[in-house]
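Engineer: Heads up, here are the entries from TrEMBL:
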- 57-92: domain 'EGF-like' (DOMAIN)
- 103-139: domain 'EGF-like' (DOMAIN)
- 141-186: domain 'EGF-like' (DOMAIN)
- 205-246: domain 'EGF-like' (DOMAIN)
- 393-434: domain 'EGF-like' (DOMAIN)
- 436-468: domain 'EGF-like' (DOMAIN)
- 483-515: domain 'EGF-like' (DOMAIN)
- 517-562: domain 'EGF-like' (DOMAIN)
- 587-622: domain 'EGF-like' (DOMAIN)
- 624-669: domain 'EGF-like' (DOMAIN)
- 765-810: domain 'EGF-like' (DOMAIN)
- 855-893: domain 'EGF-like' (DOMAIN)
- 949-974: transmembrane segment (TRANSMEM)
Amino acid sequence: MFPDNHEMILTGTSNYTAFVPKEPAKSVFLRNNKFIFICEIEIFGDILCNGRKYGRECEKDCFCFNQSEKCKVSTGGCVSGCPVGYSGEDCKSDCPAGTFGKKCSRKCNEHCGQDGSCERINGTCLHNCQAGYLGDFCNLTCPSGQYGQQCQHTCSPNCKASNQCDFVSGSCLGGCIHGYKGHNCSEKCPSGQYGHLCLNICSLNCGGNEKCDHVNGSCLEGCKEGFTGHHCNEVCPSGHYGQQCKSRCSQNCGGNEKCSHVNGSCLEGCKDGYLWEYCLDMCPSGQYGQQCKSRCSQNCGGNETCSHINGSCLEGCKAGYQGHNCSDKCPSGQYGQQCQHFCSPNCQGTKTCNHINGSCQDGCKDGYKGHNCSESCQSGWYGQGCQHICSQNCGGNKTCNHINGTCLEGCKNGYIEHDCSEMCPSGRYGPQCQQRCSPNCGGNEECNHVNGSCLEGCKDGYQGESCVEKCPSGQFGQQCQHSCSPNCQGTKTCNHINGSCQDGCKDGYKGHNCSESCQTGRYGQGCQHICSQNCGGNKTCNHINGSCLDGCKDGYKGHNCSETCPSGQYGQNCAHSCSVNCWGTRSCNHINGSCMEGCQDGYKGHNCTETCPSGQYGQQCQFNCSVNCGGSGRCNHVSGSCLDGCQDGYKRYKCTEKCPSGQYGQSCQRVCSENCAGKKPCNHINGSCLEGCQDGFMGHNCTEKCSSGYYGPRCQERCSPNCLGKEKCHHINGSCLEGCQDGFKGHNCTEKCPSGQYGQSCQRDCSVNCVGIKNCNHINGSCLEGCRDGFMGHNCTERCPSGYYGPQCRERCSTNCLGNEKCHHINGSCLEGCQDGYQGYNCTETCVSGYFGSECNEICNAQCNITCHPVSGYCLGGCIDGYMGDLCNETCQSGTFGPNCSEICHTNCKRGVCHHVNGSCLEGCAGDYTGHTCSEALPVASMSVDSTMAIGVGMGVGVLITVSLVGVLVASAMKQAVPAGMNKLMVNQ
């Protein structure tokens, strides 16, 4: 037994065990800070357990795996410790969670997955690894570029440092590249943001929805009007505006031609001749100057238009006016454009005419016409105002004198007098009316005054133009157009005047010319015989032999219808047989075929050919078919059985029983409709619902859906007129089946599109070219207040056609524009520049004085006297003295000088040469003459040789001084006459 108050501390190989008392040890303090502990040790012998046992009574088995190893007597613990992977006093417990190895002294890797547990012996992780780690012991991190659970994820390509992200979470170690955010940089910047960490806001000047590139912030839909640059944060440079700053400020803007960088409106008003916010509109026609307050002269030519800038008439003066401002009328005797026309000498009276159109104020002389009486009457007309027509009776070409109407080539046959206006007198005709008419002419024996033909034809029995020939044999009467009657007896000849038969008439005819047949009902010689009473029709017979023309009456036959029909036949020509439906012997009347003994059952009529009418049957058709017979209600005309079965709603042979409840129709085979309202059955005949139909159905038996366009109770509700398609709407609730028509929306399409939208499902936006704020028709998008300048079409999507611009595209481009594109569709500015001689944005201004050519960039020659033509540059007022040519760029030819080089150098000039401007002799004077033009003679008597030489030298010096002074004066005058900007050019020249 072990002492209770001792603890076993040592077990050796001997049979002894040492115990230490549990009382505290006693300590003794020595020098040098040292202690000695004194304790009691008691030794007991013969108590060590044998074999692999432990415990107070050695009753327990050791747990050590090593069979040769002994365990502690008190605890059973292995003397050399527990096996790897086990713990506890008796080494029976697995290592605690999170530990492994010898004495469970090692901890599982902290990156083991799930609960952090590992295998208790070698420490391998039991449930994979935590995110970012791999290996059996989870001691390896993911390779570069991978992260997460089992390293199966790849770092985001949006990481700033390539392939470098946190191996656990995937968050980018160097942050995100511009345009992305989030821990792993997988999120794009939200709309309206960009750059590093999406901290930058897109420019408010971005176009469209103010969206920009999420990386660099560049505006995706360009810039709003008036802005430019990568981020649209720069305003348009001076002189430009609008979308992408492509538009130029109008050159008509006042001041420094500055305009709003957004919409191009002029900031300092307009130059003279232009209006409104953008200064694109010229003054309205008829106005000019500052704010277009001045009006053009009403005498301006063309459309009374003038320069919209200075008011000068663009198309000259109206006809009849002249002078600088077109205020002077043409002088008397002149008229028209620039008063260059003279009044006509054919004017009546004072020969004065209207100063505008030259019309003669007192009318024209006879034989002339036109507003200015310059035209002779056209051929065939003459007299005052050429109102008279030459006589149709003039001979030749029917021409007459244009003044008095006298026929120039005499009269036609049958006319007399100077103007051939009178016909030949009655009874005469031909040239000069010298011939007489024929006595056989009809009527009053008058004839045509031209050729003598009888006007009223010939008397009876005569023919020919002049009625001198008798009718030939066999003809008679008016114009011999009648032939003798073929009914004449004998030779068939007759009188040439009245046609009477000379030998009497044939059988069947009468009258003096035998042209009349016998009257109805008679025939033969002299029409003395009467037709037979048995003749058919109108009882008429042949007027010659008496045969009946319309056949015989019913029941008769033969040539003259005197025989009755044989038994069993009757009627017309006895062609009909008696009816088989006749009763008894089947005999019938010979005239009408009526059965003598009546009809068999089922037949009727006088000849028994008619079956009983529908609905009747039996003897003499006296019985009615059953009212319940089907079809047309017919029954067998003999027995009365229903031919088409029973009517709907009835059954059985006699059709007397109604259909049972819930059934109806033919043979009661049909069931009442499930769409009937209420609980009552339907009509036994036609199946009509007795209490009406359920909503959405109609028809007597409620089998029909509501008609297209209707719905609801009794189908009385109308579908919305805004529904699409043929089906219109649902027959029960009225919802539109195929959607709404353009311009409408909602369940039943009763809501109009909101302002600014139109069309199918209101999905389309009104055109930006509409006047007003997207104001358009909700159905078709047509602009309600019209189009902005430069656009046309019902929805204002079409630009003005080439050659037109402005409001409603009614303005025409200037005719002075170059190229095919003509002008800008909004403001009319010429797109390809101006024709020579014109300038301004719409090329309506001629070059200012002193300039000409393309864009008016050419300067008139300084030698022009006044100015030059704006197109060609030709000097309009001639040249200054000493110059010549269209452009005044040629000096006078040798020997000439002065204005237009019209002066000739003085004959006393040496070699005939003088200055081209003032005519001074350049090489001195010949002989004894002096002066700058050598026109003065020297005094001879007082001159000596020396004095002569002195005088000569003096004169020479004087001439040189004079020439120099003249040159200086001319140069000064030329300099003053040159327009600004020309001095430099002259110096260079």
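Every residue gets a Cβ built from N, Cα and C, even glycine.
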Engineer: Mind checking how the domain 'EGF-like' (587-622) divides into helix, strand and coil residues in DSSP?
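Structural biologist: Helix, strand, coil within the domain 'EGF-like' (587-622): 3 helix, 9 strand, 24 coil.
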Engineer: In the same chain, who gets a Cβ under 8 Å from the domain 'EGF-like' (103-139) while lying at least 6 residues past its ends?
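Structural biologist: For the domain 'EGF-like' (103-139), the far contacts come to 81-82, 84-87, 94-97, 147-151, 166-169.
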Engineer: May I have the DSSP-based helix, strand and coil counts for the residues of the domain 'EGF-like' (517-562)?
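Structural biologist: Split into helix, strand and coil, the domain 'EGF-like' (517-562) gives 3 helix, 11 strand, 32 coil.
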Engineer: Do any residues of this chain, six or more beyond the ends of the domain 'EGF-like' (205-246), have a C-beta under 8 angstroms from a C-beta of it, and if so which?
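Structural biologist: 177-180, 188-189, 191-195, 198, 257-264.
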Engineer: Would you mind listing the long-range same-chain contacts of the domain 'EGF-like' (436-468), meaning Cβ under 8 Å and 6+ residues beyond its ends?
Structural biologist: 412-415, 423-424, 426-430, 476-480, 496-498
Engineer: Please count the residues of the domain 'EGF-like' (205-246) that DSSP assigns to helix (H, G, I), strand (E, B) and coil.
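Structural biologist: Helix/strand/coil tally for the domain 'EGF-like' (205-246): 3 helix, 10 strand, 29 coil.
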Engineer: Quick one: average pLDDT across the domain 'EGF-like' (205-246), no decimals.
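Structural biologist: A mean pLDDT of 89 is what the model gives the domain 'EGF-like' (205-246).
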Engineer: Would you mind splitting the domain 'EGF-like' (483-515) into helix, strand and coil residue counts from DSSP?
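Structural biologist: So the counts come to 0 helix, 7 strand, 26 coil.
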Engineer: Using DSSP, break the domain 'EGF-like' (855-893) down into helix, strand and coil residues and give each count.
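Structural biologist: Computed counts for the domain 'EGF-like' (855-893) are 2 helix, 10 strand, 27 coil.
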